[in-house]
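**Student:** According to TrEMBL, the active site annotation covers E160. Annotation comment: TrEMBL describes H159, H163, H169 as Zn(2+) binding site. For 12-231, the entry in TrEMBL reads domain 'Peptidase M12B'.
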Amino acid sequence: SNSGTEKVPKKVTVEIFAISDTHHSRFFHNKTKLTVYVCLIINVANIRLSETSDPTIQLLFTGIEVSKNEPYLNDKGYMLNAETTIQALGRYAFHVKQRLGYPDTLYLFTGRDAYGQRWGRSDRGLRGLGYDNGLCSDWFVALGEDVPGTFSGADTFAHEVAHLLGASHDGQPPDPRYPGRPGAQHCPFHYGYLMGNAKRSRVGHHYSQCSLQQMRYIVRLRGSACWRVTATKTYNVTKKYPGMVLTMEAYCQRKFAAKKDVTASEYFKAQCSVRCLFNEVHETNSNRHSSFQDVE
């Protein structure tokens with residue numbers, strides 16, 4: 001972690017690995033279509049995160065696992081117990097971290113109906129869960145519902161990932177376990193930001209100033225070991241996931257062939273894996289572009 005002596009870069013790239021459960025992935029005809037879809041959801045979150053500063057925080061999609069045996073699920077039915085699943089997912093992710101290329105965060109997209117407990121009763125309204133301040137810790141996972149193909153889980157993703165990055169719900173007091181982290185008590189829940197009551201609100205796609213300050217605090221606290229991009233060193237790991245990082249790398253090389261020797265910069269290659277894919281989609285495929293717009 002950062003003792004305060006390290007110089008904070010202008011931009012911090014947070015690596016995120018995705019898992020798509022069987023109820024989610026079966027909608028997509030192939031791995032590439034699923035990858036592009038998840039990529040667009042991550043791009044939406046990056047638009048939200050572009051309001052962060054000092055450092056600017058951006059997500060880098062480093063790989064995807066299409067889950068066959070779902071070791072993190074006790075019950076393989078349509079309902080998903082969010083609390084027990086996130087604990088099992090956390091243990092699973094910790095064990096396979098090396099194989100996944102040491103991501104900073106991991107997110108499970110589920111096509112199931114998640115439920116939690118509220119006031120001692122089952123709450124089917126729950127959309128997702130994420131560990132507070134989970135970034136680059138042992139519990140670096142979040143999960144959320146998504147009706148595959150509809151982008152319904154895009155805001156859930158942006159909300160749960162913000163928990164991992166250090167944002168609490170708006171209106172919450174400071175957390176005594178993190179003495180320096182600002183609270184969100186000055187940003188009322190009902191103002192309707194992403195970490196508040198964001199339903200049909202004018203600012204529902206934006207993080208509040210409190211969320212932005214909290215994420216800044218945790219990302220800075222994690223220090224250079226967390227800021228470092230390791231994905232480029234582990235491309236061979238992703239061979240287990242055809243259609244992900246390796247094809248994107250080739251894709252980027254073609255896209256930038258005239259402008260730059262893309263292979264010259266390992267770091268650029270990592271940046272490229274999300275950005276150039278999005279631009280391509282943006283420019284050429286009006287249908288997919290419109291479905292992306294719907295999310296905004």
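Any Cβ shown, glycine's included, is placed from N, Cα and C.
Since we're looking at a predicted model, the values are computed, not measured.
Surface or core, plus neighbours and distances: that's what I need for these features.
**Tutor:** In the three-state DSSP reading, E160 (active site) counts as helix.
Confidence in the domain 'Peptidase M12B' (12-231), given as mean pLDDT, stands at 92.
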**Student:** If you skip the near sequence neighbours and keep only those at least six away, which residues in the chain come within under 8 angstroms of H169 (Zn(2+) binding site), Cβ to Cβ?
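**Tutor:** Those within reach of H169 (Zn(2+) binding site), by Cβ under 8 Å and sequence separation of 6 or more, are A184, F189, M195, G196.
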**Student:** Within 8 Å of the Cβ centroid of the Zn(2+) site residues H159, H163, H169, which other residues of the same chain have their Cβ?
**Tutor:** G130, E160, A162, A167, S168, L194, M195
**Student:** Just to be sure I understand the packing, how many Cβ atoms besides its own are within 10 Å of the Cβ of E160 (active site)?
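**Tutor:** A count of 26.
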